Amino acid sequence: GQIKSSNLEFECPCESKHYHYFPSVFSPSFFLKILLDQQENGVETNHYSSIPPSPSPEDQDEAFSTYFEQKVHIPDTGNQIFSFRKLWAFTGPGFLMSIAYLDPGNIESDLQSGAKAGFKLLWVLLGATIIGLLLQRLAARLGVVTGMHLAEVCNRQYPTVPRIILWLMVELAIIGSDMQEVIGCAIAFNLLSVGRIPLWAGVLITITDTFVFLFLDKYGLRKLEAFFGLLITIMAISFGYEYVIVKPDQGELLKGMFLPYCAGCGPVQLEQAVGIVGAVIMPHNIYLHSALVKSRDVDRKNKKDVKEANKYFFIESAVALFVSFLINVFVVAVFAEAFFNKTNMDVVSKEQSSFPHTDLFPMNNDTLEVDIYKGGVVLGCFFGPAALYIWAVGILAAGQSSTMTGTYSGQFVMEGFLNLRWSRFARVLLTRSIAIIPTLLVAIFQDVQHLTGMNDFLNVLQSLQLPFALIPILTFTSLTSIMNDFANGLVWKISGGILILMVCVINMYFVIVYVTALNSVLLYVLAALISVGYLCFVAYLAWHCLVALGVSCLDCGSRVSNPPAVLIEEQSEYDS
């Protein structure tokens, strides 16, 4: 139901009826009346999600249609505590989600971490991945328990104006991520063709093949998931090859991974550590994961099945993020071993006269600065052309896979927030166009060798959008009225709140550092004006979140409040 002022308003899903009751007079007979009205009209009730269902299952499918028109059957394995057959049936959504941890933005953050700080920031990468796993757990639970993804729940729980603002903010995050991914593919094509394919042409190729790959699920959802698995395997082999030929110091690697300390680090390394957290934890991925879990055929009216689905999705997510973590470690270790404390002259001295990138690095002793493009070039200089081309193949796989999952994210977000009923092709075309047009403009007017500044700006843009995914997911998974028996307990409420606060503060620091480096009074004033509206909206979401977490003194008209204790008690009595 929806809490308005001091009244609770319950809407019967089958007729235009509204029941208004004051909290002091809740009774089992009241709920019996609602249930009887539903049963008379053939509507099933779900004991594990109190969000009002749509008028009918058919209408709900039409209103919130997704790419996943089929559901994967979950085998019955009896009373086994753990079953590999069942885990295999649940395997898929977590690996699609993990691709966001391997996009070109993450790869660039990894290589810059290795080049600027050596192995010293691996513990930050490990910590960020663990935090990401805990947040993805919340997203998966929301999708499994309610049968709706985060955008759909936001659509039903927030008022119109905040809902539209939230949608726009999430779309900005998706556009920023998509630009990095498409540009990454274009850079890979440029490296593979030895500069013959310009950046804008690589963007057009990426647009075309993304449209083709997105329709693979017409041949079966498992085939689509297998294709993503192939792309992850290509990344693991490509970056694993670089790891083997560079031969990093294993002792320094383990020390950097498990010793949370950064000896001799300064502002540069601190900013890079903050950038790692911002690159790993991405706002649109929370929305994506909550939608992907809907592809499994879980009986949400059966508490045991829902609990089991939550368990297997968490295990699968942990395995998937472990694989993504290893691939990220490969990249950090390669650049930490080979290029930490290197200068431009070190690269120039390795270049051969026949090498096509002889003018890329100036002849001075400044510290070497690398990005995705220059990173491939320096690998080619030090370890031969094969290293360059294999690097480009890995970047292409990372960019192509993350571009596809980014398109899915845009699709789910737009469908959920706006309740679109367009044809599938029209929706794909719209979501692609929103992200591709600015990317194409950048590719036309920007040189492939000077994209680091744009990448920093896009990282800042996505950092700003993090609260618009993390606060809602904690809010709704903490509400008994939505999650019932699967709502966050006290430990998860406190730890989740602390983690989200910490991630948001870290990312705000990254934004402040970026803005202060602009050295423009006009930009400072503009940033200050935008910050006022931004902070007001974050405070609005935080207010709803605190009410959901149980801070009852703030409950003065929030639409996302938990129902009173008497309501929960009497509903439990009726259910019994």
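From the backbone N, Cα and C atoms, a Cβ is placed for every residue, glycine too.
Bear in mind that TrEMBL entries carry predicted annotations, made automatically and left uncurated.
When TrEMBL is compared with the stretches 160-177, 178-195, 466-483, the one noted as transmembrane segment is 466-483. Long-range contacts of the transmembrane segment (197-216) within its own chain (CB-CB distance under 8 A, at least 6 residues past either end) are made by residues 67, 182-183, 185-190, 223-224, 227, 399-400, 403-404, 407, 428, 432, 436, 439-440, 443-444, 446-448.
Below 8 angstroms of C-beta separation, residues 95-96, 98-99, 102, 323-324, 326-327, 330-331, 333-334, 337-338, 379, 383, 387, 390-391, 393-394, 397-398, 400-401, 404-405 of the same chain, each at least six residues beyond the ends of the transmembrane segment (228-246), sit close to that stretch.
Between the transmembrane segment (490-515) and the transmembrane segment (273-292), three or more CB pairs separated by 6 or more residues in sequence fall under 8 Å, so the two stretches touch. Taking every recorded stretch in 273-292, 372-398, 429-446 and counting its Cβ pairs under 8 Å to the transmembrane segment (466-483), the highest total belongs to 273-292. Nonlocal intrachain contacts for the transmembrane segment (122-144), taken as residues 6+ away from its ends with a CB within less than 8 angstroms of a stretch CB, comprise 93-94, 97, 101, 110, 113, 150, 153, 253, 256-261, 273, 276-277, 280-281, 285-287, 289-294, 298, 300, 306, 309-310, 313-314, 317-318, 321, 324-325, 328-329, 332, 470, 473-474, 476-477, 483, 486, 488, 495-496, 499-500, 503.
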